[in-house]
Every structure is written in C-alpha cells, then in structure tokens.
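Chemist: One structure, pasted below without further comment.
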Amino acid sequence: MATTVTCTRFTDEYQLYEDIGKGAFSVVRRCVKLCTGHEYAAKIINTKKLSARDHQKLEREARICRLLKHSNIVRLHDSISEEGFHYLVFDLVTGGELFEDIVAREYYSEADASHCIQQILEAVLHCHQMGVVHRDLKPENLLLASKCKGAAVKLADFGLAIEVQGDQQAWFGFAGTPGYLSPEVLRKEAYGKPVDIWACGVILYILLVGYPPFWDEDQHKLYQQIKAGAYDFPSPEWDTVTPEAKNLINQMLTINPAKRITAHEALKHPWVCQRSTVASMMHRQETVECLKKFNARRKLKGAILTTMLATRNFSVGRQTTAPATMSTAASGTTMGLVEQAKSLLNKKADGVKPQTNSTKNSAAATSPKGTLPPAALEPQTTVIHNPVDGIKESSDSANTTIEDEDAKAPRVPDILSSVRRGSGAPEAEGPLPCPSPAPFSPLPAPSPRISDILNSVRRGSGTPEAEGPLSAGPPPCLSPALLGPLSSPSPRISDILNSVRRGSGTPEAEGPSPVGPPPCPSPTIPGPLPTPSRKQEIIKTTEQLIEAVNNGDFEAYAKICDPGLTSFEPEALGNLVEGMDFHRFYFENLLAKNSKPIHTTILNPHVHVIGEDAACIAYIRLTQYIDGQGRPRTSQSEETRVWHRRDGKWQNVHFHCSGAPVAPLQ
C-alpha cells in the first residue's frame, strides 16, 4: 500500500507571525520567507470546510492572481496546498485603505483624485489586457503599498474575478457590490470588461465629492437608479469641479457598455494625462469631511457584518482567496453570501445622499444638495429575529458583495434552504437581489457582547412571531407582498428577499402558490389588521421611534409618543417619569449635537397584541457608535414599549428601559 506524502513546503519555507486579518474560514498572517528574510502576507484557508465549488473558486482566483504582475496590483508570490490548508502568499501591503489615507491628508485636490484614478485605471488596464475582469472594484479593495507619502495604490481581492477572451460578452453570473454594479449586470445581460469601468466611474465620483452617485434606502430603487443612469452633479459641491472631470465621469457612467470609455481611452483623457494643467489644485475640504463620514459608515457596517458572518460561520457563495493581503486595514475573508438569501439583507446602500428630484438621466435620481452631512450620518436600524433556520431579517444594508453564477432565477426552495457552506462577505453585497461574497476590511475588534448576542441569535430557531407550529403552506393571511414572490416557480430573488426583510416570514411552500389577491384583507384596507400584519406594524413604528432618537429629531419623536408618556429608564435613576419635558432635555442638549454615526439593532422583538388598539413590544436594543477617539463602541438595553392606537395612528404611551442609557454618551 502506497504511503501518502504530505506536502509541508509552506511550513518548511516560511515562518508565521501575528494575525493581520480574519474571516470565517481563513486568516491572514504576516510571514517571513526563511531563505530571504522578506516579509509577506499569508492567507491561510481552511480547505476542510470548503465545498467542491469553493475549491474551484479558490483555484480560479489563484490562477488569475498568478497572471497579474503590475505595480498597482497586489501580487501573489506563492500558492501552496498542505493537508487541510491552502496558503496564498501575497505582497505585505501596510498602507491601509486609500480612502482612509485621503481623509488623513492635510491637502487633497482634484489633481490628487486624478492621480488616484490613474493608478486604478492602470491596474484595470493590465487586468483587461490579461483577459481578466475584476468585477468587484470598490474602496475596500483599493490599498496603499506603504504609509510613505506618495505610496502606490494597489488593487486587491480577485475573489470574484473572471477570465474572458478579448472583448467577449457573456453572462458570467450576478456578482459585485450593490452601489458599484453596472446596468448590464442588473439587467442580467451579457457583460465583460466595461463593468470595471462603470465601477471606476462610481469611485471617481466619490473621490471628488465624498459620496456616491447612486444611493437609496430601498435597494430596488437603488438598482432602478443605476439602470437608468440617474445621477447628477448638484450644487454647490460640484460647482468647483472642472468640466473635464465631469466629462470623464459621464463617459465612465455611460449606460450602454458598447459606448462606455475603455481603460486605455480613459488613461488618455486630458483630465488624467494632463492633470497639471487641466485638473484643479484647489483644496477640497468639504470632500474630505464627506469622505470621513462615508468611511465611518462603511466601517461600522463592516464591523457588524464581519461579526455576524464570522460568528455564524456562513459559507455560501465562495471562500475569498483575495489578496486580503495585506494590511490590517483591508484584509479579511471575502465571504460569499450568494445563495444565502437568508442572511444579511441590507436596505441601505453604501451611500449617504439625501433624495431630491434632481437627476441627469431620470427624474428619480438622488442628490446630496444642502443636507449632506446629516444624511451621511443617518442612523441605521436593523431588526434581527430568531426566525426559522436562524435567518436574519434586516432592514439595513452593508457593503456586501454578491455572486450568483449558477442561474438567473433560482428556485424558491434553493434560495430559502441555502445557509450551508460558509465564507462570508462584505456585502454585499452586496447585495443585490442576493447577498454575496466580497472582501472585508479588518476593523477594531467588536465588543465581546456583540458576539455573545450574535451567538445566541445563531443558536436560535423558530419564528419569534409564531404562536404555534408553522404549517406546510403559506398561512391564510399572507400579505400580497409575500404572496407575490411565491406566485411563480422562479420568482426574482430580490422579491423573496424583500419579503423576508419586511418580516413577512420565510415561505415554506415549494409548490406554486395561487395567483391573485390573498384571502384575507390587505393591511392597506381600513379595518382590523390581521395579527401578523399588526405585529409588523408595531415593529416598524418602534424602528421609526428609535430612528427619531438617533437622529435627535424631537419633533418626529413627539409625534410618535403620547404627550403623557410614562417611562422607567436609567437616566431617571429608577423614577417614573411622565410627560415629554424630561426627554426633550436629551434631544436638545445631547442627541441633536451628536455628530457620530449610529447603528441600532433590535434583537428578537416580541409583540403582544392586546385587542384591536393596543399592543406591547419587548426587545433587546444594541446601539453601535463611534466614540470620541474614533473607536467602535456598543451599548445594550432591554426595552418594553406599550402602544395605543388613536385616530388610526400608533402612539407610545409607556416604555421601560433597563441596562445602559439609550443615548451613547461618548
């Protein structure tokens, strides 16, 4: 019987040191090659937990990375398989993310943005010349070689990259990160190299003003904006940007990929190749301020998602082998959330723009006019139940990358039963109609309390709202929003995920559901609401109240609360408080002045309906925010609220809060 020889080449040739990044099935560690003393970043993937498809993607990524040898691309130096583990040895990139470096600069101009996009385009051009399409260009994947001034920009994470022949256009699957997806991908048409140029256009837009061109709280509307090319250049921030810069953006964000500028052509654009005479040298302080908020929002979302995914060991679409290389600031596992329709759906995209009717190509675009800073800090609220199979129902969005290469319209049962392998992404994706794999940037370690709570979410099962066993088919009183996606054998993923996000529950039926209106009255029809609908209404109203608190909006808060509101809360030192004056003090002196981004998570809300006009909700509330030193913090409270409906509107008449104060005080 032959003896199997186990490869130990990595162990023999490299010495491992400290961790610089971590994912669900991988870790990135600094290493030194013994024979030369050179430092690298080793991405160590636990292959014992990978599926056959994950192995194929790992091989594809390694193969692509070997092809790419360019000064603006994180380079793969070695790929070694040992028993149970695969080692990818990349450049050790120590400069952190490009966007983080920009906000730390004392001076930043249009000419600097031109230099940044030039390096990004050089990297993209090399990829395209080598027959590679990156498919996930975004700020998290743009790193700096070192902390030295003028360090080169490095493109990282080729976990979603594909190989193409020449200018081949084909359907390679639904992949990318929501705010950076091109119209052709969203329309599920054949695509190719132009998708990378579209993403470059989005990045350039952000580099110039600090917020993205496309953004909406509703992901469906976000995709509609992108497909329509609905962006604009609002005053006053765009008034100081040169016409040449706007012209390049317009050529990059051209809806028709055949007419979109190529990387080679973009590098010859006067704003890029003649920046010293064409690009403005004026310092863009407002852009830097907006970028700070943009970065803070990305980091906060990334921290939450990273914790969720790493804790729950999701392994869906792929195991990123990306050059997570790298720096403490940009490594991490690119986790595929693809088939994971049950995981983390995000309602908000990466952006920060408030809505207006101003637009370039459509009347439905968004614009950052006037109130950008508040919009950039708009608090987010996530609701996490303990539903069937541990699905997370969320109303918030992250930078999740998505990848769905198998089919345009997966079967409902496939989607709903897909939390199986895990490799988590930022994402998504993310996420498009279905969340997926993308790289995470390492962040300060989240509070242990978060992971403890998330572990409990992972262990949880059962739908919080259910008061009895679930039936095999849809309940008799489902809303049209849920019945819609189930009315055909192959519904759109986004419809299903939207219904999950709205808290309508997980469809159980695998067969076709009857088409047509539901047997019970829709929630929009006057009269008593079905209990499940009323419970969702209570949860939604509670979210609105918490958003008003996080926004420091006393007027909105007062509209939701009864004037005689009574409460027990930590701030009152155990005393029963009646009326609004006690709360007004915090709004006027603390909440209204809070300039830090806030994210609120409502864990396992339980609603008790008391007759037709009263209800009680109990939940755990996590408030995540950035403290004065720029570090992520978390506070927790346990809350109960009593609601009474008057004149068709729910009002909070009493609440009881224990634990930490409601408002973050740092």
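All positions are counted from 1 along the displayed chain.
Here the Cβ of each residue, glycine as well, is placed from N, Cα and C on the backbone.
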Chemist: Select from 71-81, 214-224, 291-301, 588-598 the stretch of residues annotated by Swiss-Prot as region 'Calmodulin-binding'.
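Modeler: Range annotated as region 'Calmodulin-binding' by Swiss-Prot: 291-301.
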Chemist: Check the candidates Thr11, Thr287, Thr541 against Swiss-Prot and report the one noted as phosphothreonine.
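Modeler: The residue tagged phosphothreonine by Swiss-Prot is Thr287.
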Chemist: Looking at Swiss-Prot, which of Thr8, Thr401, Thr524, Thr566 is flagged as phosphothreonine?
Modeler: Thr401
Chemist: State the residue range annotated as region 'Autoinhibitory domain' by Swiss-Prot; the candidates are 53-62, 283-292, 623-632, 643-652.
Modeler: 283-292
Chemist: How long is the line from the C-alpha of Ile20 (ATP binding site) to the C-alpha of Thr287 (phosphothreonine), rounded to the nearest angstrom?
Modeler: 30
Chemist: Give the three-state DSSP assignment (helix, strand or coil) for Tyr17 (phosphotyrosine).
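Modeler: DSSP call for Tyr17 (phosphotyrosine): strand.
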Chemist: Check each residue in the chain of Tyr17 (phosphotyrosine) that is at least six apart in sequence and keep those whose C-beta is under 8 Å from its C-beta; list them in sequence order.
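Modeler: Once residues fewer than 6 apart are set aside, Tyr17 (phosphotyrosine) is near Arg29, Arg30, Cys31, Val32.
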Chemist: Output, ordered by sequence, the same-chain residues six or more apart from Thr287 (phosphothreonine) with a CB under 8 Å from its CB, or 'none'.
Modeler: Tyr108, Leu207, Leu208, Val209, Gly210, Glu237
Chemist: Looking at the binding-site residues Ile20, Val28, which one has the fewest other Cβ atoms within 10 Å of its own Cβ?
Modeler: Ile20
Chemist: Within 10 Å of its Cβ, which one of these binding-site residues (Lys22, Ser26) has the largest number of other Cβ atoms?
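Modeler: Comparing the binding-site residues Lys22, Ser26, the most crowded Cβ belongs to Ser26.
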Chemist: Please compute the mean pLDDT of the model over the domain 'Protein kinase' (14-272).
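Modeler: Reported value for the domain 'Protein kinase' (14-272) is a mean pLDDT of 93.
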